[in-house]
Structure formats: structure tokens, C-alpha cells
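Notes follow the structure.
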Amino acid sequence: MDSSSQKYLVKKRVKIHPNTVTVKYTSHYPQPGEEGYEDGNEDTGVFMEDSPKTRLLNAGKKRERTFFGTIDTQLQPAQLPKPREMGHFQNFPEGNILQSRKMWIVLFGSAVAHGCVALITRLISDRSKVPSLELIFIRSILQVLSVTAVCYYHEPPFGPKGYRLRLFFYGVCNVISITCAYTSFSIVPPSNGTIMWRATTTVFSAILAFLLVDEGMASVDIVTVVGSVFGVCLVMIPNIVKEENSLLSTWKEAFGYTMTVMAGLTTALSMIVYRSIKDNISMWTALFTFSWTGTVWGASTMFLLQEPIVPLDGETWSYLLAICLCSTAAFLGVYYALSKFHPALVSTVQHLEIVIAMVLQLVVLRILPGTYDLVGGAVILVSVVFLACHKLSWKNLGRQDYQEIVDSSIK
């Protein structure tokens, strides 16, 4: 043992228990006024030597920037609040309750709006025969007016510098998803296409969030997501099996369902991209990006791929305006919730669209849901209500905000 280590005394503490004897050794460093204390220059505040090992450790703590956000290269274990901190959270439960309730009201409202869009899309397809790309074009032109909100909040319409590429990529993903979804509705029954679109969006958002940004979910959230997807499958699969088609129609419908899967994949990807830039891009800027990219895409493709028509009657224009209003409300609700919740959870709540669409079809179109539709809708409803009750429970309100911030790797 060298002389430098011998000058510090080693103290031994013995703790005697009825069954065991614990010995603990601790190093004692001389304090000011004691023998062996060396007076260092405390004013400088520099006590760490600059060595290659130190530089390597410091470099390991730096943050790595990726296309989808900023991710820690060394993930620190999530630490729960201390009991004193939990007491601090419990001192202000009313604000947490109001904020959480507001968030869930917005989510449920967006699900209702999505259900209205599904019904109106079917009505305009059956009665007005408006092609899907023209529908996207007209909807996007009306949503371009969201630039007024962007200018009102003094935000750059095309996003701040450093985020424009990701914002443009987000808009392209959204336009591709809507195009694939609306195109599939002309090949497969719109109800089946909408259901598969929602189910694949939920599954892909959970997978992509984990793979791209390392954002996981709690075990209770996973159970509710799986239960809701199971309910969606109960509604969708029997409807597909009952269809009797020829070989050519089978291949055509296979292409249609492939388009819905692509719509779900690109929708999930757009949600992940927005979640990585949500701190710098507002939902109004995101809506404007979606609208102008949709306008450019619809104007350049609807004359090449489809035969557009000119809506002349007031009924068609009322459907178009209703679709625009409902889709805008649903869009803002979903992307407002994305700033708080995991994308898979947001998509799971939107499964209520299927239940809302069933009720609206029964009231407006007099279409009775089948047995599997009722069972699947009940499973979806129970899963979403259980998820909402779990998130709004008193014991989780204190740590919900803290835990989501700690678990998220997007800063």
C-alpha cells in the first residue's frame, strides 16, 4: 500500500443484530483543522484532472441527434418521485384532474369526429360519386385556411429552420396515408377499410415508436391496446370471410387491403415524426403542412389517375364542407393529444370511431350491426374506458406527468 493511501484513516463500524453481525468499513478524510488535512485552492473550483479517461466518460454522456429526435446514448434508469415529491404532487390534484379530463374529452371528441367522417365519406361516395383524389384536393384547399391561425400565432408557416425537412416528410407521409386509405375505400367496403386502417395504425405506431425513438409503454397500456385491437379484429375478420368473390375480385380486394395496411403504416410514421418535433412545431403548422402538401398532390394526380367531376348541387358541397370540418376537428384533437400520450394510445382511443360509425349507420342508414360487430364494439368500448379510468385514477395522477417525461427519450 502506498504512502498516499496510508495517510487517510480507515474507520470500522460494527452493527450487532440478534442474528447477524454487520461490519462496515468507511474511509475517513481529514477535515479542516484535523491532522493530515491539506489546504487546496478551493476558489478555482477545478478538482478533476483532464485525462483521456475523463474525456471519454464525458463524451459518453453527450446526446446523440437522430432524424426522429434527440436520444440519450446512455439511457438512465427512470427514478420514481420520492415520497416527499409525491406529497407535493398530491397537494395539487385538481389541476391534474382538470388537465387530464380535458385531454380525454378532446380524444373522445376526435373519435366522434372520425366516426362522422366515415359516415359522410360513405354518403358522398354512394350519392355524389366524388373520386377519392378529388375529395382530398377539395378538403386540402379548405384546410389551407389554417395558415391564418399560423400567422396569428406568429409562427413560420413552413416551420423553423432545422425542422423543415422533417416537417415536409411528415406532410408527405400524411398525404400518402390519406391517398391509400381513400383509394382502398373504392375497392373494398369502406367499413372494412376504415377498421383495418385503424388497427394497423395502432400496431405500427407501437412498433415504430419503440424501434425509432425507443419509446415503450406500460404493461397496463399494452394490455388495453391488445384488447382494443382484438375487438377491431372481431369486427373486421367476419366481414371479410363472408364476402363471396371470384378469383379476380379476390386479387383486387387483396390490393385494396394492402393499401389500407400502407395507410396505417404511413399514418403511424407521420405520428412518430410529429411527436419528435412537437416542441417546435404547433398543431396548426402541422395542419397547414398537411393541407398544402395535399393540395399539391391532389392537383397533380387527380387528373392523371382518376376522372374528377365538378360538384354542382348543394348536397354534395354540404357533404364536402362537413368532411372538412369533421376531419379538421379530428386532426387537431389527435395531434393535441400526441403532445401528451404515446401514439399507440392515441390511436387506440380512436378505435371508438368504429363504435360511433355503427351507431350513426344504424340511425341514418338503418344498417343493423351483426353479432360480431356488437361483440367487437363492446370489447373496444371496454378497453378504451378501462384505459381512460386507469389514466384518470387518483393514484396515477401524481406520477403520470413525471413518469411520461422520464420514460420518453424525445427531448
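Note that the numbers count up from 1, one per residue, in the order the chain is shown.
For all residues, glycine too, the Cβ spot is worked out from N, Cα and C.
Marked as domain 'EamA 1' by Swiss-Prot: 112-237. Applying DSSP to the domain 'EamA 1' (112-237) sorts its residues as follows: 101 helix, 0 strand, 25 coil.
For 261-389, the entry in Swiss-Prot reads domain 'EamA 2'. Restricting the average to the domain 'EamA 2' (261-389) gives a pLDDT of 86.
Annotation comment: Swiss-Prot describes 104-124 (among others) as transmembrane segment.
Marked as transmembrane segment by Swiss-Prot on the basis of sequence analysis: 130-150 (among others).
According to Swiss-Prot, the feature transmembrane segment maps to 168-188 (among others).
The transmembrane segment annotation in Swiss-Prot covers 193-213 (among others).
Annotation source Swiss-Prot lists transmembrane segment at 217-237 (among others).
Away from its own ends, the transmembrane segment (254-274) comes close to residues 68, 166, 169-170, 173-174, 176-178, 180-181, 183-184, 187-188, 192-193, 196-205, 207-209, 212-213, 240, 281, 286, 334-335, 338, 343, 346-347 of its chain (Cβ-Cβ under 8 Å, at least six residues beyond either end). The annotation transmembrane segment is assigned in Swiss-Prot to 254-274 (among others) on the grounds of sequence analysis.
Listed by sequence, the residues of this chain that lie at least six past the ends of the transmembrane segment (285-305) yet keep a Cβ under 8 A from its Cβ atoms are 131, 133-134, 136-141, 143-144, 146-147, 150, 155-159, 167-168, 170-172, 174-175, 178-179, 274, 328, 331-332, 335. Look at Swiss-Prot and you will find 285-305 (among others) tagged as transmembrane segment.
If you look up Swiss-Prot, you'll see 318-338 (among others) marked as transmembrane segment. Among residues of the same chain six or more beyond the transmembrane segment (318-338), those with a C-beta under 8 A of the stretch's C-beta atoms are 103, 106-107, 109-111, 113-114, 116-117, 120-121, 123-124, 127-128, 130, 135, 138-139, 142-143, 146, 271, 274-275, 278, 283, 286-287, 290, 311, 346, 349-350.
Long-range contacts of the transmembrane segment (345-365) within the same chain: residues 107-108, 110-112, 114-116, 118-119, 122-123, 191, 194-195, 198-199, 201-202, 205, 217, 221, 224-225, 228-229, 231-232, 235, 268, 271, 334, 337-338, 373, 376-377, 380-381, 383-384, 387-388, each at least 6 residues beyond the stretch ends and with a Cβ under 8 Å from a Cβ of the stretch. Residues or ranges marked as transmembrane segment by Swiss-Prot: 345-365 (among others).
Outside the transmembrane segment (367-387), and at least 6 residues removed from its termini, the chain residues within Cβ reach (under 8 Å) are 220-221, 224-225, 227-228, 230-239, 345, 348-349, 351-352, 354-355, 358, 361. The transmembrane segment annotation in Swiss-Prot covers 367-387 (among others).
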Residue numbers, six or more beyond the limits of the transmembrane segment (104-124), whose CB comes under 8 Å of its CB atoms:
130, 135, 182, 185, 190-191, 194, 316, 319-320, 322-323, 326-327, 329-334, 336-337, 341, 346, 349-357, 359-361, 364-365, 388, 391-392
Could you give the residue numbers and ranges of same-chain residues that sit at least 6 residues beyond the transmembrane segment (130-150) on either side and whose C-beta is under 8 angstroms from one of its C-beta atoms?
121, 124, 157, 175, 178-179, 182-183, 185-186, 282, 284-285, 287-288, 290-295, 297-299, 301-302, 305-309, 311, 316, 320-321, 323-324, 327-328
May I ask for the residues of the chain that lie six or more residues beyond the transmembrane segment (193-213) and have a Cβ under 8 Å from a Cβ within it?
68-69, 71, 118, 181, 184-185, 187, 225, 228-229, 232-233, 235-236, 256-257, 260-261, 263-265, 267-269, 271-272, 275-276, 342-344, 346-348, 350-351, 353-354, 357, 409-410
